[in-house]
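Novice: My structure is below; once you've seen it, I'll send some questions.
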Amino acid sequence: MQYSTLAGQTDNSLVSNNFGFLRLPLNFMPYESHADWVITGVPYDMAVSGRSGARFGPEAIRRASVNLAWEHRRFPWTFDVRERLNIIDCGDLVFSFGDSRDFVEKMEAHAGKLLSSGKRCLSLGGDHFITLPLLRAHARYFGKLALIHFDAHTDTYDNGSEYDHGTMFYTAPKEGLIDPSRSVQIGIRTEHSKKLPFTVLSAPKVNEDSVEETVRKIKETVGNMPVYLTFDIDCLDPSFAPGTGTPVCGGLSSDRALKILRGLTDLDIVGMDVVEVAPSYDQSDITALAGATIALEMLYLQGAKKD
């Protein structure tokens with residue numbers, strides 16, 4: 001197999017980084033590996049409507065994850081996820097920068113190849129548009145999906161743009177990728193259309209309700225469908241995550257978001273991503289740390305199924 005470099009874009013997909021997520025060994029042959037979960041960095045931010053810079057999110061998340069690597073039995077879990085799951089980091093997706101169509105093709109192909117070889121995908125963005133080609137690959141493999149979506153925005157806007165990080169969840173139901181009536185959006189605190197039957201749990205409501213009540217509503221909505229889990233870091237209040245392109249005050253605390261995530265252990269989560277970390281706007285790497293922690297907690301959700 002031939003590997004790409006940033007200087008010489010080829011048809012093959014991955015470029016190395018200096019280190020992997022959680023100090024995991026880098027593996028540039030993910031399709032042939034025995035991994036359960038494959039982490040891919042997705043340095044794409046050409047679909048943003050506000051501040052750019054999320055293309056540097058994967059690097060920042062990996063760097064922050066080094067601070068999490070030492071804790072073998074992560075609190076409050078009772079196990080080391082690295083002993084339950086075979087997790088690899090395959091580096092960053094390579095595509096022709098400036099060419100969104102090429103990005104979409106490469107993202108779908110990479111995820112589809114991983115899924116067809118028995119792996120699951122955890123993707124580190126990048127802006128939130130990366131979720132659309134990932135949903136296409138997952139729906140092709142698993143069928144129609146339920147979506148669990150943490151965000152300040154519903155991303156259901158119909159503005160006619162083919163590449164926009166605010167339109168994916170308008171497009172995905174139209175393409176039959178997700179069932180909006182079995183999907184839930186958590187942390188919303190911006191104006192949005194109510195034409196689609198998503199269950200919307202606004203940030204004020206989530207902050208007022210108990211964690212247990214929020215988890216109950218999520219589980220009640222998605223049922224036993226295969227679930228795609230996506231976490232836009234701007235779901236968190238800017239006091240916890242300032243380093244993002246479109247921050248909105250009044251969001252969730254990192255504590256509440258993590259507790260909600262930990263309640264989702266018995267759902268059939270088949271794909272996951274963390275998006276919209278833009279380190280140039282960060283303070284003391286707290287947004288990158290939040291992104292790394294959320295990504296790690298997502299993996300612990302999967303490890304908990306091995307009990």
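Glycine residues also receive a Cβ, built from the backbone N, Cα and C atoms like all the rest.
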Novice: Look at the Mn(2+) binding annotation in Swiss-Prot, where Asp151, His153, Asp155, Asp232, Asp234 are given, and name the residue from His128, His138 listed for that site too.
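Specialist: Of the residues offered, the record points to His128.
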Novice: Can you tell which of the binding-site residues (His128, His153) has the fewest other C-beta atoms within 10 angstroms of its C-beta?
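Specialist: Checked His128, His153; of these binding-site residues, fewest Cβ neighbours within 10 Å: His153.
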Novice: Given a 10 Å Cβ-Cβ cut-off, pick out the one of the binding-site residues Asp151, Asp155, Asp232, Asp234 that has the most other Cβ atoms nearby.
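Specialist: Compared across Asp151, Asp155, Asp232, Asp234, the most Cβ atoms within 10 Å surround Asp234.
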Novice: Compute the centroid of the Cβ atoms of His128, Asp151, His153, Asp155, Asp232, Asp234, then list the same-chain residues not in that set whose Cβ lies within 8 Å of it, in sequence order, for the Mn(2+) site.
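Specialist: Along the chain, the qualifying residues are His149, Ala152, Thr154, His165, Gly166, Cys235, Thr246, Val275, Glu276.
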